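**Q** Grabbed the feature section from TrEMBL, which reads as follows:
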- 10-86: domain 'Cellulose synthase RING-type zinc finger' (DOMAIN)
- 271-290: transmembrane segment (TRANSMEM)
- 297-317: transmembrane segment (TRANSMEM)
- Ser356, Lys362, Glu363, Asp392, Lys542: UDP-alpha-D-glucose binding site (BINDING)
- Lys543, Asp567: Mn(2+) binding site (BINDING)
- 866-886: transmembrane segment (TRANSMEM)
- 898-916: transmembrane segment (TRANSMEM)
- 936-958: transmembrane segment (TRANSMEM)
- 986-1007: transmembrane segment (TRANSMEM)
- 1019-1037: transmembrane segment (TRANSMEM)
- 1049-1069: transmembrane segment (TRANSMEM)
Amino acid sequence: MESEGETGAKPMKSIAGQVCQICGDSVGKTVDCEPFVACDVCAFPVCRPCYEYERKDGNQSCPQCKTRYRRHKGSPAISGDRKEDGDADDSAVDFNYSSENQNQKQKIAERMLSWQMTYGRGEDLGAPNYDKEVSHNRIPLLTNGHEVSGELSAASPEHISMASPGAAGGKHILYASDVHQSSNGRVVDPVREFGSPGLGNVAWKERVDGWKMKQDKNAVPMSTGHAPSERGVGDIDAATDVLVDDSLLNDEARQPLSRKVSIPSSRINPYRMVIVLRLIILCIFLHYRITNPVRNAYALWLISVICEIWFAISWILDQFPKWLPVNRETYLDRLALRYEHEGEPSQLAAVDIFVSTVDPLKEPPLVTANTVLSILAVDYPVDKVSCYVSDDGAAMLTFEALSETSEFARKWVPFSKKYNIEPRAPEFYFSQKIDYLKDKVQPSFVKDRRAMKREYEEFKIRVNGLVSKAQKVPEEGWIMQDGTPWPGNNIRDHPGMIQVTTFQHLLKVFLGQSGGLDTDGNELPRLVYVSREKRPGFQHHKKAGAMNSLVRVSAVLTNGPFLLNLDCDHYINNSKALREAMCFMMDPNLGKHVCYVQFPQRFDGIDKNDRYANRNTVFFDINLRGLDGIQGPVYVGTGCVFNRTALYGYEPPLKPKHKKPGFLSSLCGGSRKKSTKSSKKGSDKKKSGKHADPTVPVFSLEDIEEGVEGAGFDDEKSLLMSQMSLEKRFGQSAVFVASTLMENGGVPPSATPETLLKEAIHVISCGYEDKTDWGSEIGWIYGSVTEDILTGFKMHARGWRSIYCMPKRPAFKGSAPINLSDRLNQVLRWALGSVEILLSRHCPIWYGYSGRLKWLERLAYINTTIYPITAIPLLFYCTLPAICLLTNKFIIPQISNIASIWFISLFLSIFATGILEMRWSGVGIDEWWRNEQFWVIGGVSAHLFAVFQGLLKVLAGIDTNFTVTSKSSDEDGDFTELYMFKWTTLLIPPTTLLIVNLVGVVAGISHAVNSGYQSWGPLFGKLFFAFWVIIHLYPFLKGLMGRQNRTPTIVVVWSILLASIFSLLWVRVDPFSIRVTGPDVQTCGINC
């Protein structure tokens, strides 16, 4: 090339002092204190970080002369490096880049683990070298103390295998995840990804100019940090929109994996204007109400004004967190292009999936089985997926049902993947009322589908048989097929149990029958049954404690860097759901700041009218999308992919500083300067070992690295101190502590199978969490029945952000209670958890002001915890119309024309807000109206009980449980449960309100009939408020009356009202009575 000849190799003196033509930094020097020269041909000035970035993720060649970069001393090797690169010394000291940091963490974990194996609890265990062929090792199989002989497979060094006694032919069982982590480096083909072998000098010049412009604007280079948001809010995930140069848009592999899409200004700006207008009108309305009391009904007026002020505060807390709603797009093709290459192992991160269940009689095993089957058939590399089923009831029924599920999965999984069916839960796939032949072209599909449907029906019969058998517990307890008693016969006192399998029949593991492949010979994901130890006298913390046990077990056995938790009735509806989440978690710019990706909850089996707002569409499609534009949605308990690092209490990387945040920026994100100072203070406190502020992250990765590295590997005493410090936080398990230092996951290669099983049992023991940070700063947080809200709040308070992902096809679907009583009890549990948080030290009103929680996010959390309190003013307000009708008084004085304008404006602004909200969100008016109705129904019933129950529980220590008694129902047909009547005390307050307001309507009309036409004017205002209450409670009335032989409830209600009114009119007219005319007694007297 001409340019190469003209440029030639420049002398070192001319290079010294130059700046990098990419980022503008100094070129720097090599480890030998010589000026760094990236290209030996043209000596184009490029600094070391940009050189490494080009070698790892770029086109691996000089931008000026297109000569391939050779490996310099201290640079990590990549695919394609030549052996004759003499300066590449593997033993040289490398620069401190992220890849080296990860390697260092791996070494730290290995060193700590090997030290503990030598001097600690595992001193009797050896540390075999997996590079050598190992013939036999002793491997404990189950958890009740039995051990079986095992064998490490030399054929697959990446897996640990074992065989149960008597295994014919030496068959093996896949036992743990890959222990050798593949490199994250990738080779970019410049022809495929750029469209040409090189960018060209012109393109490169534009690229350099782009870098210079960013330097002039004090932006952070793409390879070393994050650019600030275009909105100036300091929102890190907005960087995915602005970090990539236009000249790089043809490089698909380096483009962001997701994009934030703002709501069109034509829809969101009118919505914001109406919110501000409504706030102004509300202030004028409250000013009028306060300054114009009603003298003859002062008590009623005072109660109404207090209620209206509270409603205004509640509206502000609910409305303003929806100020910045956003949508998101994911690019699954870019994810595959970056992390998956044909003929190479997938570089997608491993995911550990948690499924929790307690009572198989209340949570049918068939439902849990469908959830597990959908997980095992997910569209994700099988060696990266591990499914953990937590059986907190230690039920043998769940264990047996899981074994049947594993057998059926060997047929179901290959069928699902071969024909790419959706959903991959068989019960819901076969029950779809759609054309299942659409888009199917294989001639064998129909035949295979019929055969698979028959297999599934036989599987259902077997599971139903297990359920029928489990209805009556034997006097001697359950006995397993090998004749040994089931360890969980006493659900309150039993050892921990773990069964690891790759789809052999679980109960036949003891007999040596194995099979880790499906019917087509393909490998299947791992399935792990876990039942944590329970003993009397220990606090087990219900679901939160079970989830923390799963976190520890999964860290010991597979240690995937990301976790997905699902309820047992929530199956994967979109097989690409994990890939959707990875578009955020594995994005180089955004992923390091994301603590979890929350998916909306969608439900099956709900009546088309959604009588009791079970779909909760307003919350999932409006509120959470609004929070996604601030710091992210709250955690809702299921359908959430976690960053394991965030669950361990680590803090996220610090965000870039911003000089002049505007007023709106300060409102949304708080003061950057203040946040930075508080972070520095928190860091100083952490280093000094004094955690005065509970919102400052418990510890950071940097602190741990400095502590361990500073100790020195040769100083055993110092290493012991670091080990003890970590064990105080995470518990007494060297294997688990070592796993927390491995950000990319994976099991330490030096850990033996015996060690892993031994530690897995140890970390689910009852006393493991004693005197540790579990439940207070690490994992799922204890202290509330709604542990999900509390756990997410702690992460956001540390500075993490969450993401709301709404793919076109819902990622997960579950079941919801459609019966009135069951729905109210569900809402009662949620509200009770909010009250517990409100009365705890974690209340967002006073917790976390020294952290990095944004102000609008705090308002959302405050609203999440205080909304049950609204039940008290709501109950009074719904009673006022009836009292006004019965006493002939009113809460509003006679108003002037100007005052009436403000009243009308307030109602119009309320309707306008709702209409514009539905417009930008896509929520239908029927769904919005059902939400408004159930807000009143739940408010005067479940929320009211939750307030008093929470006060009794927190202040007096009295735990009151409301039981539901079911009555038999002979109703047949669809949604039979919808019409079942189940008595519960929650039904009393709304029933009383309905009766009182109906009586008030009749009494008010009766008084107007008797008083003449002049009383009809004031009556209309009272009737309006009374009908407002009745209309909102109408779905409750329908549920109370049942089906009523299919007679519409509205007919019954209007029949009663009209009959009462006409009866009153009939009495007033009284045509059959004789009217006697005579003197006026009041005027003339009785003797007149």
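Easy rule for this one: first residue shown is 1, then count along the chain.
Placed from the backbone N, Cα and C atoms, the Cβ positions cover glycine too.
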**Q** For the binding-site residues listed here (Lys542, Lys543), tell me which residue's CB has the most neighbouring CB atoms inside 10 Å.
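**A** Output for this query is Lys543.
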**Q** Beyond the listed site residues Ser356, Lys362, Glu363, Asp392, Lys542, identify every same-chain residue whose Cβ lies within 8 Å of the center of their Cβ atoms for the UDP-alpha-D-glucose site.
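**A** My list of surrounding residues reads Thr357, Val358, Asp359, Gly393, Lys543, Ala546, Cys568.
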**Q** When you measure from the Cβ of Glu363 (UDP-alpha-D-glucose binding site), which residues in the chain that are at least 6 apart have a Cβ under 8 Å away?
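**A** Result: Thr357, Cys568, Asp569.
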**Q** Hey, how far is Asp567 (Mn(2+) binding site) from Ser356 (UDP-alpha-D-glucose binding site), Cα to Cα, in Å?
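**A** That separation, Cα to Cα, works out to 6 Å.
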**Q** For the UDP-alpha-D-glucose site made of Ser356, Lys362, Glu363, Asp392, Lys542, how many Å separate the two farthest Cα atoms?
**A** 16
**Q** Residues with Cβ closer than 8 Å to the Cβ of Asp392 (UDP-alpha-D-glucose binding site), same chain and 6+ apart in sequence?
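**A** Same-chain residues close to Asp392 (UDP-alpha-D-glucose binding site) (Cβ under 8 Å, separated by 6 or more) are Ser356, Thr357, Val358, Ser531, Arg532, Lys542, Lys543, Ala546.
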**Q** State the residues, same chain only, that lie 6 or more residues beyond the ends of the transmembrane segment (866-886) and have a CB under 8 A from a CB inside it; answer 'none' if no residue qualifies.
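**A** Residues packing against the transmembrane segment (866-886) from afar: 297, 300, 303-304, 306-308, 310-311, 314, 317, 831-832, 834-835, 838, 845, 936, 939-940, 943-944, 946-947, 950, 989, 993, 996-997, 999-1001, 1003-1004, 1022-1023, 1025-1026, 1028-1029.
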**Q** Please average pLDDT over the domain 'Cellulose synthase RING-type zinc finger' (10-86) for the predicted structure.
**A** 74
**Q** Just how many other Cβ atoms lie inside 10 Å of the Cβ on Lys362 (UDP-alpha-D-glucose binding site)?
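**A** Total other Cβ atoms inside 10 Å, all chains included: 8.
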**Q** Under 8 angstroms for C-beta pairs, at least 3 of them, ignoring pairs fewer than 6 apart in sequence. Is the transmembrane segment (936-958) in contact with the transmembrane segment (271-290) by that rule?
**A** no
**Q** Is the transmembrane segment (1019-1037) packed against any residues at least 6 beyond its ends, judged by a Cβ distance under 8 Å, and which are they?
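**A** Sequence-remote neighbours of the transmembrane segment (1019-1037) are 611-612, 820, 878, 880-882, 884-885, 890, 892, 930, 932-937, 990-991, 993-994, 997-998, 1000-1001, 1004-1005, 1007-1008, 1049-1050, 1053.
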**Q** Counting Cβ pairs closer than 8 Å, which of 297-317, 898-916, 986-1007 has the most of them with the transmembrane segment (271-290)?
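**A** The stretch with the most contacts is 898-916.
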